[in-house]
Amino acid sequence: MLRSCAARLRTLGALCLPPVGRRLPGSEPRPELRSFSSEEVILKDCSVPNPSWNKDLRLLFDQFMKKCEDGSWKRLPSYKRTPTEWIQDFKTHFLDPKLMKEEQMSQAQLFTRSFDDGLGFEYVMFYNDIEKRMVCLFQGGPYLEGPPGFIHGGAIATMIDATVGMCAMMAGGIVMTANLNINYKRPIPLCSVVMINSQLDKVEGRKFFVSCNVQSVDEKTLYSEATSLFIKLNPAKSLT
C-alpha cells in the first residue's frame with residue numbers, strides 16, 4: 001500500500017498543465033476571471049526576464065525570442081499557480097470532488113514557482129511544434145544547492161521532468177509521468193545556466209516517449225541525459 005501511495009504522489013507531483021488558452025479535453029469555455037489584485041499577482045508570467053537573471057540566461061532568452069518571430073518557435077508562459085479555470089476543469093474530469101479540500105487548493109502553488117526571484121528555479125520554455133522539441137533555459141538559484149557549490153540532483157530531475165512532460169503535453173494533451181530515467185554525467189554549478197533539450201521520439205497510443213539532454217550554454221559540456229514515458233490521461237476515468 002505504501003509503495004502504491006508513493007507512486008501516486010510521485011505521479012501527481014509530475015503533472016504538467018497546459019499553457020494559457022489550451023483547455024482540457026471536453027471542457028467548456030468559462031467566463032474570464034475577475035481582475036482581483038491577488039489573482040493578477042498569481043497569474044503574473046514568470047517566464048520573462050527579472051533582475052535575478054544572469055547575462056547568459058538573458059542572452060539565450062533573446063536568441064530564442066528571435067526564433068519566435070517567424071512562428072517556428074513559441075515561448076510558453078508560466079505562473080505561480082494553476083489558473084482557477086484549469087483547477088475546476090481538472091477537478092471535473094479527473095478528481096473526486098469529495099476528496100478535495102478547497103482550503104488546501106486555495107493555498108497551492110506550483111513547486112517550481114514557489115521561490116522568490118533568483119532563489120530557486122528560474123526558467124523559460126520554448127516549443128517547436130513542427131520538430132516536436134521543447135527547450136528549457138534554466139538557472140538554478142542558491143536554495144537548490146545539493147553538494148556544496150552545485151545544484152541538487154533532485155532539482156535537476158524536477159526541471160527535466162517538467163521539460164519532457166511539457167513536450168509530451170504539447171504534442172498530445174494532458175499527461176502524467178509513468179517513467180523517468182536520468183543519467184547524471186557531471187554536476188551543475190550553482191547559479192549557472194543550462195539548456196534542457198527535449199525531443200518527442202515516438203507515440204504509441206496513449207504512450208508518449210520523450211528524451212532529453214542537459215548541456216552547458218556553449219554546448220560543450222553534457223551534464224545529464226534522460227529518457228521518459230508519459231501517459232495521456234483519459235477524461236472518462238478519475239484519478240482518485
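Cβ coordinates are placed from backbone N, Cα and C, and glycine is handled just like the others.
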Candidate annotated in Swiss-Prot as phosphoserine, out of SER37, SER72, SER78, SER216: SER37
In Swiss-Prot, the member of SER38, SER198, SER211 to which phosphoserine is assigned: SER38
Spatially closest candidate among LYS55, LYS66, LYS74, ASP161, the listed recorded positions, to ARG206 (substrate binding site) (Cα to Cα): ASP161
Cα distance (Å, whole number) from LYS185 (substrate binding site) to LYS74 (N6-acetyllysine): 30
Entry from the recorded positions list LYS55, LYS66, LYS207 having the most other CB atoms no farther than 10 A: LYS207
